[in-house]
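Taken straight from TrEMBL:
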REPEAT    1-33  repeat 'WD'
REPEAT    43-68  repeat 'WD'
Amino acid sequence: ICVWNPTHDLLASGSGDPTARIWNLQGTREPEIVLRHIVFKDVTSSDWNPSGAQLATSSYDGYTRIWSSDGNLISTLGNFILSAGVDRTTIIWDGNSGRCKQQFSFHTASAFDVDCQSDTTFASCSDDMTLNRGQIVHGYRGTRVGASASDGTVCVLDLRK
């Protein structure tokens, strides 16, 4: 897995070992920053916050970790964090307290990914071959969401239909 930083020339990657990496792509020869998860489980998902200052990584160990863009594990988080789990749930976490704010049981198999299009809606996808949309708050005005599947297909869905 990999994800571009939205504001800096950085790329985050996750792998089949307990590490994620932050790669500086500004043409320097700096080594990548290695983010070590404690338990030997695959890193399955990662995403930057909108400012590019924090990176969330998730692993099959069941935890989501928040890192600074320079590789430090941090405990002060933003407003909310979304996670998708092998327990078939999608969870909205309070980023400050770390407590579950809302849990969704959309899927009948492992939820593999979740992503926000805006502050008000998100989509989750699963090995059960479904894509589900969830509301964080009322007032969503977007009309499209992207989805990908383990078979390599990618599509854009029009939420007005």
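A Cβ is built for glycine as well, from the same backbone N, Cα and C atoms used for every other residue.
Residues 39-48, 50-52, 55, 57, 59, 61, 67, 69-71 of the same chain, all 6+ positions outside the repeat 'WD' (1-33), place their C-beta atoms under 8 angstroms from a C-beta of that stretch. Per DSSP, the secondary structure of the repeat 'WD' (43-68) breaks down as 0 helix, 17 strand, 9 coil. DSSP labels the residues of the repeat 'WD' (1-33) in these numbers: 0 helix, 15 strand, 18 coil.
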